[in-house]
Amino acid sequence: MTAAQQRAIDTMWPQFGVDFQEAPLDLNRAFGRDNPKVLEIGFGMGVATVEIAKRLPDTDFLAIDVHGPGVGNILKLIEEEHISNIRVMRHDAVEVVEKMLEDGSLDGIHIFFPDPWHKKRHNKRRLVQVPFVEKLLPKLKSGGYVHMATDWEEYAVQMLEVLSSFDALQNTATDYAPTPDYRPETKFEARGKRLGHGVWDLVFRKK
């Protein structure tokens, strides 16, 4: 972790950080307003999350990651860009979903470029599997959406199969969706495209 990232944690966490607790989180109180709420799981270094928050200023984003330098970096970006509609958690997302999020509290869920665990024996470590989506779905309001993206084709197929298996979810496309305007292209993604790699977006809506 760089000195700047650590300083951002020290100075910005009291206002923009949310500590884990084994009790429901009042999202409106955390953001100080009653606006649409989106959960973002795994934000990396936070660049895309901050860009999305700038593009959608009337939406609030609860961003979760376990990676210390990423937490420091997103807080640094929040300060530099004068963003007020992001709150940050450094904790296991599964536990946050189970313990802190109330049913019907979310308008959207973003899972962008999760670790593909591409070795066959590691596939079981992938985040997007039926048991986890079963935990997520009740947190989503009726009409809310799930947006996932990956640059790993085999994982994209798995995501499509998992999300399609839920009667409560409706695919907004025939299979993969056009990238929504609010999701910026990451540096990682642009490099992959230059190398001929594909990127797959999936957007499902809760009935």
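Including glycine, each Cβ sits where the backbone N, Cα and C put it.
In TrEMBL, annotation is done automatically, which means it is predicted and not curated.
For ASP65 (S-adenosyl-L-methionine binding site), the count of additional Cβ atoms within 10 Å of its Cβ stands at 23 [all protein chains shown]. According to TrEMBL, the feature S-adenosyl-L-methionine binding site maps to GLU40, ASP65, ASP92, ASP115.
DSSP assigns LYS119 (substrate binding site) to coil in the three-state reduction, placing it in neither a helix nor a strand. Residues or ranges marked as substrate binding site by TrEMBL: LYS119, ASP151, THR186, LYS187, PHE188, GLU189.
Sequence annotations record features per position, and here TrEMBL assigns region 'Interaction with RNA' to 121-126.
On a Cα basis, ASP65 (S-adenosyl-L-methionine binding site) lies 19 Å away from ASP151 (substrate binding site).
The binding-site residues GLU40, ASP92, ASP115, ASP151, GLU189 differ in how many other CB atoms lie within 10 Å of their CB, and the one with the most is GLU40. Cβ neighbour count for LYS187 (substrate binding site): 11 (other Cβ atoms within 10 Å of its Cβ, all protein chains included). The S-adenosyl-L-methionine site, placed at the center of the C-beta atoms of GLU40, ASP65, ASP92, ASP115, has further neighbours from the same chain whose C-beta lies within 8 angstroms: ILE41, GLY42, PHE43, ILE64, VAL66, HIS67, ALA93, PRO114, LEU127.
Around the Cβ of PHE188 (substrate binding site), a 10 Å sphere holds 16 further Cβ atoms from the protein chains shown. Other Cβ atoms within 10 Å of the Cβ of LYS119 (substrate binding site) number 8 in total over all chains.
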